[in-house]
């Protein structure tokens, strides 16, 4: 919720820009820390969700680790004081240079996504006289019931190692001397709001754990990934996701072995609701059947609607008039540059201030300079 004093501050800034409510972020972090502590769960923040240094510094201060998917994300994490022994590194396309950097940094673990990757990590570690700690990212074939672009745990996805490769993996583990298997890693998708999906994940993890146990392998770490979603339609009714029930599901249904540690990789659920994209109406264009509200922000500042047809709540912060329907669009030279169709807004005019909510995750971090657009600035609640 953006109150009158916040509106006055935002309205004085040059648009478009990202606005972050740090009080909400702190409340979310405190809640996660409280609920995870009940079960001694380890939290790694998914850097890909939002890599703004001020956001990262705040998250790190709560004692969370980092989940990285590139060498530069590892570098950014270290720059913002995340302990290297709490950094995990996933991604299907780790380059030799990135692997070398991660080894030199002594990160906690590589989440390995293919047999060739394991072989390359072993080779590079051998050249550096190091032993790389790895977890197997396993494709559990669990449907996340989310958008197909952000489903990552079914057989057709590029991510992870499939169960029919397990026997070959065991042979490799006996042959390769510069890797150490310490964990099993899973990540089935993103923006999952049906908690029963996580129960299904737990049951599948139990089956996979039992297979490894039958082959005399017990790992110290189970990384269940992330994917916990947020309420894009009603951000003010549910500003902090239900972390209590989320963690409770894993406690109830995940069968752990003695002294095993459980890790989570949370991103969107931490930062999603604390951020908004603030824009201004450039023009209102009246068509035969459609009114267009043309903003100074576009898909270059928030790609999700164009890429996934994702919904974001759109608010006119300047008007309280009767509502009309608008197609809310940006200035980019693409027909897909649309934030929402037939959006009900108070009667809208030039220079009205618009908030596109729930933009704290996969907003700023996915921005581009297409059309040679200027990079949007970021403002924070403690700037006021």
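Glycine too: its Cβ is placed from the backbone N, Cα and C atoms.
Automatic prediction, not curation, is the source of TrEMBL annotations.
For residue 333 (active site, proton donor), the same-chain residues 6+ apart in sequence whose C-beta sits under 8 angstroms from its C-beta are 371. Per TrEMBL, active site, proton donor is recorded for 333.
According to TrEMBL, the feature pyridoxal 5'-phosphate binding site maps to 227, 265, 266, 267, 268, 362. Other Cβ atoms within 10 Å of the Cβ of residue 227 (pyridoxal 5'-phosphate binding site) number 29 in total over all chains.
Under the DSSP three-state reduction, residue 334 (substrate binding site) is assigned to coil, being neither helix nor strand. Around residue 334 (substrate binding site), the same-chain residues at least 6 positions away in sequence with a Cβ under 8 Å from its Cβ are 299, 306. As annotated by TrEMBL, substrate binding site applies to 268, 304, 308, 334, 362.
As annotated by TrEMBL, N6-(pyridoxal phosphate)lysine applies to 48. In the three-state DSSP assignment, the secondary structure recorded for residue 48 (N6-(pyridoxal phosphate)lysine) is helix.
If you measure from the Cα atom of residue 362 (pyridoxal 5'-phosphate binding site) to that of residue 304 (substrate binding site), you get 7 Å. In the three-state DSSP scheme, residue 362 (pyridoxal 5'-phosphate binding site) is classed as coil. In sequence order, 46, 49, 190, 191, 226, 228, 229, 230, 361, 362 are the residues of the chain that are 6 or more apart from residue 268 (pyridoxal 5'-phosphate binding site) and have a CB within less than 8 Å of its CB.
Highest local Cβ density among the binding-site residues 265, 266, 267, 308, 362 belongs to 265, counted as other Cβ atoms within 10 Å over all protein chains shown. Look at residue 304 (substrate binding site): DSSP puts it in a helix.
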